[in-house]
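Found this in TrEMBL, in case it helps:
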- 78-539: domain 'Major facilitator superfamily (MFS) profile' (DOMAIN)
- 1-34: region 'Disordered' (REGION)
- 75-101: transmembrane segment (TRANSMEM)
- 113-132: transmembrane segment (TRANSMEM)
- 144-162: transmembrane segment (TRANSMEM)
- 168-191: transmembrane segment (TRANSMEM)
- 198-219: transmembrane segment (TRANSMEM)
- 231-255: transmembrane segment (TRANSMEM)
- 276-296: transmembrane segment (TRANSMEM)
- 302-326: transmembrane segment (TRANSMEM)
- 350-372: transmembrane segment (TRANSMEM)
- 392-410: transmembrane segment (TRANSMEM)
- 417-437: transmembrane segment (TRANSMEM)
- 449-474: transmembrane segment (TRANSMEM)
Amino acid sequence: MDASPSSGEPKTPSPFPRDPEPDADLGQGDKDAVHNGSVALSRRGAATNTTPPDIRPLDVVTQTRQKVYHTGWRLHALTAGLCLSLLLSTLETTIVSTSLVSIVDHLQGFDRASWIVTSYLLTYTGFLIIFAKLSDILGCKLMLVSGITLFTIFSIACGASESMLPLIVFRALQGMGGSGIYSLSTIMVPLMVPPSKYATYIAIVTSVFAISSVLGPLLGGAITDNTTWRWVFYLNGPGGALAAALVGLAIPFGFPYGDSTTFFRSLVSEKRWKRIDLLGATISLAASTLLIFALQQGGVEYAWNSGAIISTFVLSGVLWLAFIAWERRLSGRNGVCEPIFPWRLTSNRFVVGLLLNGFLTGFPFMAAIINIPQRLQTVNSTTAIGAGLRMLPLLLLSPVASALSGVLITKLKVPPLYVLTLGGVLQVIGVGLFSSLDSTTLKVPDAQYGYQVIMGLGFGFNLATILMMATIIVPENDLAVTMGAVTQTRVLGGTIGLAVCSALLIDHIRAQASAILTPAELASILSSSGNIALLPPDKQGRCDTTVFISFSLALPLFNSRCSPA
């Protein structure tokens, strides 16, 4: 390292490769070309391709910089930090479900119980693409650490809440941080390792998501049964602090391009902040929030045909149309502000196909992860822990298929479309076979484990291939926003799927059981299927059969699939 010209003493060497100043190694002619926005240059100075019209000069310079892939302890620390933070944030979508009764009893807010879950999902879903775009402008490390910090601070605040209103507000802010974690975790995988290792690390990320979805209710129940519900939130404190420390030590603020000498100076630059599409972010957040609200509250707090739900759906649709119009207009300008979702991506049929695949994969994946354990506990009378253990075939085969899809695509050169088609076929077969299981017996059929293997393979092929295809079909300057958009559509698909499944389940139970139960008894079993045991003996058997059949009707709904056009 060169000595400092002012002191004559050697500088402390940076643990990260130094990223040069913008344009530092370009000739004057190349600099002019870059700043005119006319060509993209390789590090070796050769003009390689024409720049798309809505890529800013700063994006072009970013494309010319060489990524620094991580190895050794830094790679392991970053992977551990990403997995730990992703585990904590995805756990929060389900861990509270088995703690709701204790929370509501302690805080005296039964009428607002559903908002403990809904408030988290509103911001968790709405901020996914916003964090993705901000990572392009402000940097991956800053946005990931910000997400972990928000999540950790407001997790502790949730645990310390003494009434329902603060808890609901803190859950919304916690969801904002969780959204940043989830979005950045998927974005950073293809940036931290070379393409030959994508399959391994994408498999790790997808397996963490699948495992946490099942582990959440189990941990929530275990914590609530053995200690106070507050530890459901307090445990995120040390976990979040450790994750932030691992990420902070493992990568520089200039990630993935090495250590930057200009990061903090450029962070306060007015030009950088003008690049943020505040209007687009606001419209996108409002549209997503209203849609999730309607899906979560429809059939629970409000009837599906109520004015509140219908008007919310309509307003959400209007806002989505406004978002599309604004992003299209902004993408056509040659200004500083960058659209949250560049309109040029809609002309890429493969990107559109990825978005559709992400949306439709979320349907059956979340239905299986959430509804199968519920079915095992309700229909087959297993414990929460027993239901989780019986999900192991699906959980173990999903990451195996994710890794295998990487081998097929990167090593054997199998077209990704074929892998997606294979995953779709396995997914349809697995869900179809599982939905055909006998719902009138308490015995857990052995065939369900084989069906879970088929479903797990299908989900693994689909989830991993979608992420890997994004790294292949879009340029690097569009990678973050594409990954964020795919992630958001997948979460939306899962949320819509769960809402429709829940509505079908409840409507069938209400229609069939209303003939044999009083309104009070019906409300009791809809709040908890465990209350069936409190009914008179002559009603228990008929209610059990109704609930069993209702679960069988739900799963076939998710036998839907699409592939990129």
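Positions of Cβ are set from backbone N, Cα and C atoms, glycine also.
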Sequence gap of 6 or more, Cβ distance under 8 Å, 3 or more pairs: do the transmembrane segment (302-326) and the transmembrane segment (276-296) meet that?
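Output yes: the transmembrane segment (302-326) sits against the transmembrane segment (276-296).
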Of the listed stretches 113-132, 168-191, 392-410, which one has the most C-beta pairs under 8 A with the transmembrane segment (276-296)?
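By Cβ pairs under 8 Å, 113-132 leads among 113-132, 168-191, 392-410.
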Near the transmembrane segment (231-255), which same-chain residues lie under 8 Å Cβ to Cβ, leaving out any that are not at least 6 residues past its ends?
14, 16, 19, 70, 74-75, 77-78, 80-82, 84-85, 87-88, 92, 95-96, 99, 139-142, 144-145, 148-149, 151-152, 155-156, 158-159, 188, 191-192, 219-220, 223-224, 263-264
Against which stretches of its own chain does the transmembrane segment (113-132) lie, if we need a Cβ under 8 Å and a gap of at least six residues from its ends?
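Distal contacts: 89, 92-93, 96-97, 100, 103-104, 143, 147, 164, 167-169, 171-176, 178-180, 182-184, 187, 281, 284-286, 288-289, 292-293, 296-297, 300-301, 340-341, 480-481, 483-485, 487-488, 491-492, 495.
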Could you pull the average pLDDT for the domain 'Major facilitator superfamily (MFS) profile' (78-539)?
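Summarising the domain 'Major facilitator superfamily (MFS) profile' (78-539) by its mean pLDDT gives 82.
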Top stretch among 144-162, 168-191, 198-219, 392-410, 417-437 for CB pairs under 8 A with the transmembrane segment (75-101)?
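The stretch with the most close Cβ contacts to the transmembrane segment (75-101) is 198-219.
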Which one, 168-191, 350-372, 392-410, has the most C-beta pairs under 8 Å toward the transmembrane segment (198-219)?
392-410
